[in-house]
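Here's what Swiss-Prot has on this protein:
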ACT_SITE  E97  active site, proton acceptor
ACT_SITE  C335  active site, S-methylcysteine intermediate
BINDING   C117, C121, C124  [4Fe-4S] cluster binding site
DISULFID  C110-C335  disulfide bond
DOMAIN    103-330  domain 'Radical SAM core'
Amino acid sequence: MTVLPDLLDFDPDAALALLGEWMAARGEPAYRAAQVFGRLWQRPVRSFDEMTELPKALREGLAGSFRITALELTTRQKSMDGTEKFLFRMHDGQLIETVAIPDGDRLTFCISSQAGCALQCAFCATGAMGFQRNLHPSEIAGQVRELRMLTPSIVPTNIVFMGMGEPLMNWKAVSPTLSLLNDPRALGIGARHITISTVGVLPGIVALAARPEQFRLAISIHAPSDALRRTLMPVNTKYPLADVIAAAREFDRRVTFEYVMLGGVNDQPEHAAQLAQLARDCRAFVNLIPLHPGGSMGFSPSTTPTINAFAKAIRARGVETAVRRSRGLDIAAACGQLRTERLGRRLPVAAQDHGEVHVA
C-alpha cells in the first residue's frame, strides 16, 4: 500500500514547491499552492474537505495525492492557575504531551519532540518511560496546529521545546519544525520567542547555531560538576560539562542554564558558587526550577528558603537568575506525568514542572 506524502512534514519552501508542481501538472493557477499551504498552518483545518474555498474536484484531487496528519486529543486538563495540559494520541497509538502556559499577555506552548526519552535523567518521568520513537515535523509542529484548531482565538506568543524528549537528538525533524514555527507563511512565531532546550547534545547545538534565525537555546545543567552531573544525567559521560560550556560560549546568542533544585543534592552553597562560575564563563542566564512535588526515587524538593538563598548567592556573583514559578501542580503538569498515568504505570520520579519560563 502506497503511503501518501504528509504535507505537514515539509518545511515551507519544500511544501510550496511540491504543491506548486502538483498544481501546475493539473493546470491549476499558481496561487492555489499558497492557498492550500495557508489552510494547513495559518487557518488550519483537519482535512482537505474543509477547504471549502477550493473547488470540490481540487479538494478530491488533493486528498488522493496527499495526507494531513491528525493528532487525536485524548485528555485535556485545566489547572486552577490557567495552565492547560493536553495528551495526544498519534497514528500508532503513542502518546505525547503538550502544555499551554498563560502568563499575563503571554501564552507559551510547551511541545514534545519525542515519544519518551532515551536519556534517563534521574529525576525525569519522561526518561523513566524509555524511548519509543522520534516525532515527525507533522507531530511536533502539529501540536501547535491542534491547539490552534481547538481554540482558534488563542495564539501562542512563545514556543518552548521543553516537553517530552530531547529535541537535538531529533534534529532531522526539529529543523524543519523550526521553519514551520517561524516562517510567516506558516505559523509566523518570532525566532526569539522559540526556545530549544537540550541536555547539551553538542552536534545539535552546532547545527542550531548555524541557522541564521535568532532561536533561543536553553541547556539543562542541573549540576555544576561532572562528578555530580554524571549521577543525575548519564549523558554527561558522552557530553562532559566542559564541552557543553564551551559550546554555550561559542553560541552567538545568550544561553539560559536550567537547573532543577534537588534537596540536599545540588542546592548547597558550594554548588551555587560553582554554577555561578560556569554561567559567568559564557554569560548565561540561570533559571532555577523547583522540583515537582510528585515522585518517589529519593529526591525531595529544595525548601523555599534554600532556593532563595541559592538564587541570592548566584546573583551576588554577578549572574542574572530567576526562580521558575510552579504551574499546573493540580493537573500532573510535569513532563511525562499525564502520559504515565494514562498508561497505568506508577510514576517513579518527578520531572521538571512547566512553570513560568524565563529566557534571557
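Heads up, residue numbers simply count up from 1 along the chain you see.
Placed from the backbone N, Cα and C atoms, the Cβ positions cover glycine too.
Comparing the residue listed as 'active site, proton acceptor' with C110 (disulfide bond), their Cα atoms are 9 Å apart once rounded.
Distance noted between the C-alpha atoms of C110 (disulfide bond) and C124 ([4Fe-4S] cluster binding site) is 16 Å.
When Cβ atoms from all protein chains are considered, those within 10 Å of C117 ([4Fe-4S] cluster binding site) total 26, not counting its own. Taking the Cβ of C121 ([4Fe-4S] cluster binding site) as reference, residues of its chain lying under 8 Å away and at least six apart in sequence are, in sequence order, G127, V199, S220, H222, L232, M233, P234, V235. DSSP assigns C121 ([4Fe-4S] cluster binding site) to coil in the three-state reduction, placing it in neither a helix nor a strand. A 10 Å cutoff on Cβ-Cβ distances gives E97 (active site, proton acceptor) a total of 28 other Cβ atoms nearby, all chains included. Residue environment of C110 (disulfide bond) contains 27 other Cβ atoms, counted within 10 Å of its Cβ in all protein chains. The Cβ neighbour count for C124 ([4Fe-4S] cluster binding site), using a 10 Å radius and every protein chain shown, is 28. In the predicted structure, the domain 'Radical SAM core' (103-330) carries a mean pLDDT of 94.
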